[in-house]
Amino acid sequence: MAVSPDLSFLLVIGLQNLVMLTLLSRTPRNSFLRWICLPSILYFAYLEILLTRLTSTSFDVKIRTGGHAFTFLIQFIDLLFITNVDLTTTIQPNRLQTAWRYLLTIRGIGTPWQLKQLPAYPRVLRTNPPPSRTQYAVRHLAIVVWQVLFLRLLAHPSLHPSQPFYDDGQEFSYRLTQWPSRLVSTYILGVIPSYLFLDILYRCGAMVAVGTGLQTMADWPPLFGNLADAWTLRGFWGKFWHQYLRWPFTTLSTFLTGQVLGLRRHSLLERYLNTFLIFFLSMASHTVCEIVAGVEGGHRGNFLFFAAQVPAIMFEDAVRYVWGWWVMRRQQYVVAGQSLQWRMRTQKEEEEREEGKGVTAAAAAAAPSPPPRLWQRMLGASWVITWIAFSWTWYYFPIIRSMIKQEDRMVAPPPGAATDWDWRTSGLLGLVVGGAVLLRVVFRAEL
């Protein structure tokens with residue numbers, strides 16, 4: 001009797017985790033046994049990719065989670081060979097539990113390698129004493145229900161451009177009349193649904209783990225950061241967007257630039273090469289997603305999208321550096337002019353200035369930079385929105401074309417198809433708007 005791909009996939013996952021748990025909990029760092037088992041770990045990852053493509057999961061799930069085999073492969077290599085985790089000195093009953101935690105926490109939560117810029121919980125959850133497990137689970141459940149409704153609303157065909165908009169090569173067309181549809185396809189079809197989908201999965205896991213008492217709130221910090229930090233590309237990718245891939249990818253890139261290439265730490269070359277390698281690894285993970293989901297002709301756009309983020313960040317850094325330099329020079333001129341006026345004052349005023357009561361150029365230079373003004377945030381947000389819409393379509397249009405081939409009429413209606421709103425859609429819109437108000441008033445939800 002043939003074994004279904006779904007069951008085979010679960011068996012491979014189980015065997016892979018069993019091998020990893022054994023190696024982490026039973027072997028010391030630099031153990032030769034770890035190197036002997038490396039080919040089997042690579043082969044398990046290869047089988048996962050093949051079997052994931054054959055499973056019965058939907059296209060949406062595969063395109064957003066199909067790269068887990070590659071991500072966990074990098075995580076395994078990091079734990080066994082780069083970070084070289086050694087649990088043989090840990091108390092025996094805690095070894096398996098600690099090894100299991102290391103396998104599951106891609107962000108290093110609760111480990112010595114926990115990410116530094118993890119998103120903070122909203123204020124309503126930072127109370128003393130903290131909310132009960134029931135309050136935590138109910139709040140997450142309410143948010144998940146609203147997110148599902150919002151995701152369903154965004155799927156309405158009337159919000160989407162028609163199928164000819166996604167023809168081959170249209171992702172590289174930048175006619176002025178095309179930009180409204182480009183913004184719609186980027187955010188209503190791409191960024192926002194991806195955000196909601198990943199956050200729903202994460203919150204469901206948090207509800208189960210914390211609600212049952214298996215883990216605490218500290219083990220499940222928010223997956224996404226604050227939208228207010230997304231006014232720069234660095235803020236968008238480094239603080240707002242999820243950091244699932246950050247720990248293993250950063251460790252590997254740092255190892256390559258520092259240990260292999262021997263670059264000086266914190267130099268410009270090391271900094272931007274690290275950024276490029278992290279985006280390159282992310283590109284590889286998303287390429288695996290496309291292979292698993294059966295996307296055709298998307299590899300070029302995928303590479304261009306992730307590779308282009310690095311020069312865009314470099315351009316942004318250069319603009320901010322020049323702006324900061326200009327502001328600093330302007331402040332120095334102002335301070336110099338003030339100093340010239342002060343020299344004409346009385347000796348008593350001069351002494352007071354030297355004692356620190358006056359403002360000197362050194363104090364002005366040492367003062368912390370002021371927070372960005374509203375116009376700076378608005379200008380930065382416009383830049384981020386425009387750039388993401390400019391480049392996201394390179395990656396996402398081939399995915400949408402694959403969905404169209406599968407006759408998914410929700411993502412892109414055929415020309416002339418009826419896409420009018422009915423009373424059900426109007427009711428759904430009312431639920432989404434009313435639910436947003438309810439979440440804000442009752443649960444103090446934040447973006």
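Any Cβ shown, glycine's included, is placed from N, Cα and C.
The transmembrane segment annotation in TrEMBL covers 6-25 (among others).
Positions annotated as transmembrane segment by TrEMBL: 32-49 (among others).
The transmembrane segment annotation in TrEMBL covers 69-87 (among others).
Taken from TrEMBL, the feature transmembrane segment applies to 179-198 (among others).
Taken from TrEMBL, the feature domain 'Wax synthase' applies to 220-307.
The feature transmembrane segment is assigned by TrEMBL to 244-263 (among others). Among residues of the same chain six or more beyond the transmembrane segment (244-263), those with a C-beta under 8 A of the stretch's C-beta atoms are 71, 74-75, 77-78, 82-83, 106-108, 113, 115, 198, 223, 269-270, 273-274, 277-278, 281-282, 285.
Per TrEMBL, transmembrane segment is recorded for 275-295 (among others). Non-local neighbours of the transmembrane segment (275-295) in the same chain are 49, 52-53, 59, 62-67, 69-71, 74, 245-246, 249-250, 252-253, 256-257, 302-303, 305-307, 309-310, 313, 395, 398-399, 402; each lies 6+ residues outside the stretch with a CB under 8 Å from one of its CB atoms.
Long-range neighbours of the transmembrane segment (301-323) within the same chain, counting only residues 6 or more positions beyond its ends whose Cβ lies under 8 Å from a Cβ of the stretch, are 171, 232-234, 237, 272, 275-276, 279-280, 282-283, 286-287, 290, 383, 387, 391-395, 397-398. Residues annotated as transmembrane segment in TrEMBL: 301-323 (among others).
Marked as compositional bias 'Basic and acidic residues' by TrEMBL: 346-357.
The region 'Disordered' annotation in TrEMBL covers 346-370.
If you look up TrEMBL, you'll see 378-397 (among others) marked as transmembrane segment.
The list of residues near the transmembrane segment (423-443) in space but at least 6 beyond its ends in sequence, with Cβ under 8 angstroms from a Cβ of it, reads 124, 139, 142-143, 145-146, 149-150, 152-153, 156, 158. Positions annotated as transmembrane segment by TrEMBL: 423-443 (among others).
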In the same chain, which residue numbers or ranges, 6 or more beyond the ends of the transmembrane segment (179-198), come under 8 angstroms Cβ to Cβ?
60, 64, 147, 150-151, 154-155, 159-161, 165-166, 223-224, 242, 244, 385, 388-389, 392-393, 396-397, 400, 411
Stretch-averaged pLDDT - the domain 'Wax synthase' (220-307):
90
How does the domain 'Wax synthase' (220-307) divide up by DSSP, counting helix, then strand, then coil residues?
61 helix, 0 strand, 27 coil
